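Undergrad: Grabbed the feature section from Swiss-Prot, which reads as follows:
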DOMAIN    24-195  domain 'EngB-type G'
BINDING   32-39, 59-63, 77-80, 144-147, 176-178  GTP binding site
BINDING   39, 61  Mg(2+) binding site
């Protein structure tokens, strides 16, 4: 699958189902802990520096951001989970908004869950994975920041993530570096299989 970086657009930042765009395209949700690098991942996958706004401040994405990817699919950037500095009320609102989208959106075909390869999955990562599996959603795990660990340790770290999540047979895990774009084509091919 090839994507034209000049044909990417942010359609809407939505908080309610009635704001979701009706494009007829299938959707790929991107979920992950705050500061796991979702925006950086999106920018690197589509070959655009600042399409998805990146921030040093975790918890910046507070809406569902729908990106039209070259009229081939929609990326939906979901607010990061596990960020302690937002109020309990805000966390509950995010939770409801995300749950509504994930459980009711027919166009959603796969959830790409990003996990920092350097660390074991957090309790929030495990809860998110279990939640997605409860609703029978296919999950593609992307272990981000591969360039931050020694090459010889990648497989060990991937195995740790698999074991901690109790990754189901049909779900795939791929390591990725937004710095080198290593495995970018493998990820596009994996996403395409779900559409």
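Backbone N, Cα and C define each Cβ position, glycine as well.
On this model, are these features tucked inside or out on the surface, and what's nearby?
TA: Every protein chain considered, the tally of other Cβ atoms within 10 Å of the Cβ of residue 79 (GTP binding site) stands at 25.
Counting Cβ atoms from all protein chains shown, residue 39 (Mg(2+) binding site) has 22 others lying within 10 Å of its own Cβ.
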Undergrad: Per-residue pLDDT averaged over the domain 'EngB-type G' (24-195) comes to what?
TA: 89
Undergrad: On the three-state reduction of DSSP, what should I expect for residue 38 (GTP binding site)?
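TA: For residue 38 (GTP binding site) - judged by DSSP and reduced to three states - the answer is helix.
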